[in-house]
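J.: So that we are looking at the same thing, I have put the structure below in structure tokens.
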Amino acid sequence: MAIQAWFMDESSEDQRLPHRRNPDEPVSIDYLAELGVLYWKLNPKKYEDDEELNDIRQARGYNYMDMLDLCPEKVANYEEKLKNFYTEHIHGDEEIRYCLEGSGYFDVRDKKDRWIRIWIKPGDLIILPAGIYHRFTLDTTDYIKLMRLFIGEPVWTAYNRPQEEHPARQGYVESINSYGVAQPAH
């Protein structure tokens with residue numbers, strides 16, 4: 001099954017709820033690709049020996065990997081960390097996340113500044129392009145195990161919105177406006 005994504009409602013209720021509009025407005029993988037969001041469905045049970053994952057890593061230059069378990073029992077200051085992840089921001093590099101267990105939401109902004117919620121579950125690998133406004137939260141399960149991939153040494157620097165002058169943001173906006181599809185930064 002493909003990844004699920006939809007336009008979000010404007011509710012300020014618990015961020016861990018689905019926040020689907022009524023009526024529901026699903027977002028296709030093709031529309032996400034127009035925003036530069038890339039997606040693969042892999043087998044999370046064989047991530048240690050997955051040839052497809054290794055091919056993706058090699059082709060895109062992801063030579064660093066670590067694991068992150070997010071849940072109240074394993075993360076100090078859990079609520080504060082979740083609040084920080086949910087603050088709208090960009091990164092100077094791609095954000096690559098592979099869900100191995102649990103589930104959560106990545107929210108991204110489209111060209112019209114509308115929020116799109118992307119529900120990631122085991123086997124979902126997504127890449128958010130450098131410069132895209134986004135945020136992350138867990139869903140009501142309060143658990144996710146993610147593989148994080150990087151090119152070179154890991155960089156976790158988040159630049160909270162507004163960041164219109166940041167080179168990654170300018171490059172992202174130019175790429176989606178000029179070409180219709182964001183080109184990944186290398």
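Cβ coordinates are placed from backbone N, Cα and C, and glycine is handled just like the others.
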J.: Can you say which of 1-22, 67-88, 155-176 is given as region 'Disordered' in TrEMBL?
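T.: Residues 1-22 are the ones TrEMBL records as region 'Disordered'.
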J.: At a C-beta cut-off of under 8 Å, are there same-chain residues at least 6 beyond the compositional bias 'Basic and acidic residues' (13-22) that contact it? List them, or none.
T.: 6-7, 82, 86, 105, 117, 119, 137-140, 142
J.: Tell me which residues of the chain lie with their Cβ under 8 angstroms from that of E95 (Ni(2+) binding site), as long as they are six or more apart in sequence?
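T.: I127, L128, H134 - these are the non-local Cβ neighbours of E95 (Ni(2+) binding site), listed in sequence order.
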J.: Of H89, H134, the binding-site residues given in the record, which has the fewest other CB atoms within 10 A of its CB?
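T.: Selected from the binding-site residues H89, H134 on minimum Cβ neighbours within 10 Å: H89.
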J.: If you count Cβ atoms within 10 Å of the Cβ of H91 (Ni(2+) binding site), leaving out that atom itself, what do you get?
T.: 21
J.: What other residues of this chain sit with their CB within 8 A of the center of the CB atoms of H89, H91, E95, H134, the recorded Ni(2+) site?
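T.: Along the chain, the qualifying residues are I90, L128, I132, Y133, R135, A158.
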